[in-house]
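**Student:** Straight from TrEMBL, here's the annotation block:
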type: ACT_SITE; residues: A:3; note: active site, proton donor
type: ACT_SITE; residues: A:58; note: active site, proton donor
type: ACT_SITE; residues: A:285; note: active site, proton donor
type: BINDING; residues: A:103, A:125, A:168; note: DNA binding site
type: DOMAIN; residues: A:2-128; note: domain 'Formamidopyrimidine-DNA glycosylase catalytic'
type: DOMAIN; residues: A:259-295; note: domain 'FPG-type'
DNA sequence: ACATAGACCTGTTGGC
DNA sequence: TGCCAACAGGTCTATG
């Protein structure tokens, strides 16, 4: 599920309910996700008011009154959902509700503007995790210290990428997945951005840089492609590859706009190309691209 | 320094 | 229908 656009969508979905609400109690249904929860996690956050939600790379941050911040990463299969109203006896019956309660690992019980509500974290594979940090220490936190630029703002430009790519033999696919260069891109959006820029995923990153260390034209196109695909995906509410991912239960629809991802054997969508989307494996992960128009 | 493989988990899908 | 291998949006660690 979650690359940057999906986490951004989750944040926007949760914010109206969570911001300003009282986090009455955090209920942890197991001691760990990918990592153990901090020892004092539930006690530290319970009874605190939620000030705001934000996102950095693929991390969701929940700022609490008093200066603590809950840091959440959704891994591969994490999702949040909101349930309004107080829990009822029926909530225990999985069959009645048809929900995947088996993997509900964290429940934030809220006293929100519209009354009681629960924000529930579900994660079948448990590659996600939560941590707690002080707001003033966030920038130096191990999760954030080495992160590169966000692809949503003006900081990601051709000069920045040229400096990062200069002299690199690393394939573009791997270079773009490196969170230390661009924070928040994942497998889907890297494939899509490279297709939009007509660049082969196996091409060495350094070939987009000229002898003086400046950006060559394909790098300008790549920057535009990255920014555009991320903006388009956020506007579409992200991609829903499995069932619903948005907090209100609705679906993102960017998966319908994929040009190459998961389209092996299908026709390339570049006008006049006539190529066929191929799948290769790079660094153990599927890469989808058109060998005909991506050079 | 860097590239790849394996690890962490569970669920779904596709081929036989 | 059943079984099993392959694969899945991410990242960290070990190994060469």
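Keep in mind that glycine also has a Cβ here, set from the backbone N, Cα and C atoms.
TrEMBL entries are annotated by machine, without manual review.
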**Student:** Out of A:58, A:103, A:125, A:168, which of these recorded positions shows the lowest number of other CB atoms within 10 Å of its CB?
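**Tutor:** Selected from the recorded positions A:58, A:103, A:125, A:168 on minimum Cβ neighbours within 10 Å: A:125.
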**Student:** Find the shortest Cα-Cα separation between residue A:58 (active site, proton donor) and the recorded positions A:3, A:103, A:125, A:168, A:285, and name the residue that gives it.
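**Tutor:** Result for residue A:58 (active site, proton donor): the nearest of the recorded positions is A:3.
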**Student:** Greatest CA-CA distance (Å) over the residues A:103, A:125, A:168 that the record ties to DNA?
**Tutor:** 42
**Student:** Same chain only, please: residues at least 6 beyond the ends of the domain 'FPG-type' (A:259-295) with a C-beta under 8 Å from a C-beta of the stretch. Say none if there are none.
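**Tutor:** Non-local partners: 171, 173-174, 177, 187-188, 191-192, 194-196, 198-203.
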**Student:** Give the sequence-ordered list of residues that share a chain with residue A:285 (active site, proton donor), lie 6 or more positions from it, and have CB atoms under 8 Å from its CB.
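**Tutor:** Within the chain, residue A:285 (active site, proton donor) has Cβ neighbours under 8 Å at A:177, A:187.
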**Student:** What does the structure give for the C-alpha distance between residue A:168 (DNA binding site) and residue A:3 (active site, proton donor)? Integer Å is fine.
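**Tutor:** Given the Cα positions, residue A:168 (DNA binding site) is 25 Å from residue A:3 (active site, proton donor).
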**Student:** Tally the residues of the domain 'FPG-type' (A:259-295) by DSSP class, grouping H, G and I as helix, E and B as strand, and everything else as coil.
**Tutor:** 0 helix, 12 strand, 25 coil
**Student:** Counting by DSSP, what is the helix, strand and coil composition of the domain 'Formamidopyrimidine-DNA glycosylase catalytic' (A:2-128)?
**Tutor:** 31 helix, 53 strand, 43 coil
**Student:** Taking the Cβ of residue A:3 (active site, proton donor) as the centre, how many other Cβ atoms fall within a 10 Å radius?
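**Tutor:** Taking all protein chains shown, residue A:3 (active site, proton donor) has 21 Cβ neighbours within 10 Å.
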